[in-house]
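Per Swiss-Prot, the features are as follows:
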- 57: active site (ACT_SITE)
- 60, 104, 518, 555: ATP binding site (BINDING)
- 106, 556: Mg(2+) 1 binding site (BINDING)
- 107, 108, 109, 110, 129, 258, 330, 331, 332, 558: substrate binding site (BINDING)
- 108: active site, proton acceptor (ACT_SITE)
- 130, 286: Mg(2+) 2 binding site (BINDING)
């Protein structure tokens, strides 16, 4: 039985019908503008389309005025290797030898609190489809995770579901998870962050874009059937319990969190790649947030004509779905392609080969309207650009918070510091066993890091490294970083510190950083203080990219990350892509590969503890000024690391960030299963040397035979260095001479024991 629907003609004849636009997230003036655009009230289906496409998630209505700064500051020199940038499904970069890499990071924060497993799983699935839509084969994923306090009763539920969701979906797709970050902080209680990155590889000529052109070309929906899951996911996130019943009484209990099937997506990947190889696709768009509303309006808006869709031809998973529900559904594993009439049968044949359901649901028209019919009646008739690109843009109030001065003035300088050898030893053990700094092995071992056989480096390396060409050994490096604590103290500097660390992590593997993506996680845009944080972070990131000469290729904004009046720590996640001409020269993290290595600390160490993990773990303190950022130094450091890798002068490298030198030495020693002796400079404060979080520093292990050549290179380039110790392959301890010694077994127990104790040796 076909449900009664609200048609365009009915809407024109009944202008005074009350509509639930506020419940769908639209404001009074936004609803009035829709009526002005259409010259009448919208139909139920049109209202559904505008509400999801004009949502903060899809329209960027509060962030657009600030995001323009990325484009304004990107120079032609920075753009020269960029094949696709902001506005496309994902950024694409020419990485040489005819290869292109596409990469992007997206958020799935709110769904991952409501339904952690499916929220995280479909976050992975969604970003993978963005990469597929560019014409690439997905080759790796990463994740940036933020949870509430590690000892909070609800944190275990969220951690368990999110980690299993990421692993379950990514492992089933056969995609290696090569790195990321996991942070615990009370500000994320009730509002975890799940940011997933995916990278894909293709030949330069295989790039595909999302546009519908060519009058008469067919619109084909292929992949999974359309159900009721995910409706309202991008506009009004519901939290009813999922009953699994998509018909009758159970319908109202369906979650707004999407339900994923990785095996359907795995087949969809191979199907898409064969379609691309056969040149059967004119334009393509994945179905993610806002579902068909987004896919059809964006394809039509980017094309040179209009589009007509027959909605009753969409294969459904649930009985009696309305047009509004079909257009709003965020059911996963679906793609929408534009195909010439003569290629439709060949397209369908490929889909049949892979057992992928495919249906012609419409065609490109010569008009300028997006028209959607339902059993012959018109339920949508709109200018597509007004849905996809011409939504409201707000220049919201920006105000530096009143508390900012007091926060900066509350420095950690007066906090008690460890003074004796025993106190230094205990501080080190306390920090490496804290949830903030302890090993993430319990999490990462639930992910397959080496599937497909092209992973060269993965967690716990500074960056993931993937081989993309078996013949030449060409590869890419990926790193993601963020620091909400630094960004809270100074949003401009905090975003720059995240960029600097991701840049440095990529360089520490021997790769050359080439491009940036981001995911900007903030509180409510209706709070002027949050908008100030956002504005400053965007400017800091953009200015940093100019200083480094690498472009922002795209990104994502996630607002409303707060519980009540309490916003999360502002968390701009930055991803950096690097290129390495031969993965055989990659630099690992673990020391001890060469006998008698010398440990050298590159960069300057200063007394910088504002926002540090030491202040948090030992004193529960957040205040002061974050570490200084010096992008010229970061570039110099990257050049030295790349040259050292190319000339065989570096056998291991590990960047210094949270936890400082002490954390870096512990991680490098445990990774290499090798002891070492650290000799602190006589004129330096041992506490500052061990725990400072000054930026622009890397610990390198240099073969004894290369020490003179390497240090001369550093001096010639005016890069500060200090000989900080030696690798002692006959030792099973970390010794800080004149202060303390800790057996590697004790270090490992402290470092690796925390998460299993908190969350169980295995996930439930």
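Just so you know, glycine gets a Cβ as well, placed from its N, Cα and C.
Shown here: features listed in Swiss-Prot, placed on the structure.
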residue: 104; record: ATP binding site; contacts (Cβ under 8 Å, 6+ apart): 89, 90, 91, 127, 130, 131, 197, 198, 517, 553, 554, 555, 556
residue: 106; record: Mg(2+) 1 binding site; contacts (Cβ under 8 Å, 6+ apart): 123, 126, 127, 130, 195, 196, 519, 556
residue: 107; record: substrate binding site; contacts (Cβ under 8 Å, 6+ apart): 123, 193, 194, 195, 519, 521, 556, 558
residue: 108; record: active site, proton acceptor; contacts (Cβ under 8 Å, 6+ apart): 119, 120, 122, 123, 126, 194, 195, 196
residue: 129; record: substrate binding site; contacts (Cβ under 8 Å, 6+ apart): 265, 268, 286, 287, 288, 333, 335
residue: 518; record: ATP binding site; contacts (Cβ under 8 Å, 6+ apart): 105, 541, 552, 555, 556, 572, 573, 574, 575
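Taking the C-alpha positions, the distance from residue 330 (substrate binding site) to residue 57 (active site) comes to 13 Å. DSSP classifies residue 130 (Mg(2+) 2 binding site) as helix under the three-state reduction. In this structure, the CA atom of residue 109 (substrate binding site) is 16 Å away from the CA atom of residue 60 (ATP binding site). Of the listed binding-site residues 286, 556, the Cβ environment within 10 Å is emptiest of other Cβ atoms at 556. Other residues of the same chain near the ATP site, with their Cβ within 8 Å of the Cβ centroid of 60, 104, 518, 555, are 86, 105, 106, 517, 519, 520, 552, 554, 556, 557. Taken residue by residue with DSSP, the residue listed as 'active site, proton acceptor' is part of neither helix nor strand, so it is coil.
Shown are the binding-site residues 109, 332; of these, the residue with the fewest other Cβ atoms within 10 Å is 109.
Applying an 8 A CB threshold to same-chain residues 6+ apart, the list for residue 60 (ATP binding site) reads 67, 557. The most crowded of the binding-site residues listed here (130, 330) is 330, judged by how many other CB atoms sit within 10 Å of its own CB.
The 10 Å shell around the Cβ of residue 555 (ATP binding site) contains 26 further Cβ atoms across the protein chains shown.
Following the DSSP three-state reduction, the secondary structure of residue 57 (active site) is helix.
The record assigns 60, 104, 518, 555 to the ATP site; their largest pairwise CA distance measures 17 Å.
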